[in-house]
Amino acid sequence: MERKTLASLCFFLIVLLAAQVVAQIVPCKTRNRNFKSACIAVSGDNEECDHDCRRVGGWYGGSCKNQKCVCDC
């Protein structure tokens, strides 16, 4: 009986650790609502978006995605 319990506990811990690793891999992105113009990466807006995300939003940075400024949280 103890072996079965120990095996179940080990399996549960492995599943729990695997779930945490998967949760950490998914990047956090949020749209910057303060960036009013269309965000076009080739026009220099990428740097403005990054700066705006860092300065105004307090995020880690940002970039243009689908003409929207998206911040990394």
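If you go along the chain as it appears here, the first residue is 1 and each next one adds 1.
Any Cβ shown, glycine's included, is placed from N, Cα and C.
Per Swiss-Prot, the residue from CYS10, CYS53, CYS64 that shares a disulphide bond with CYS39 is CYS64. Of all the Cβ atoms in the protein chains shown, 14 others lie within 10 Å of the Cβ of CYS73 (disulfide bond). Applying an 8 A CB threshold to same-chain residues 6+ apart, the list for CYS64 (disulfide bond) reads CYS39, ILE40, ALA41, ASP45, ASN46, CYS49, VAL70.
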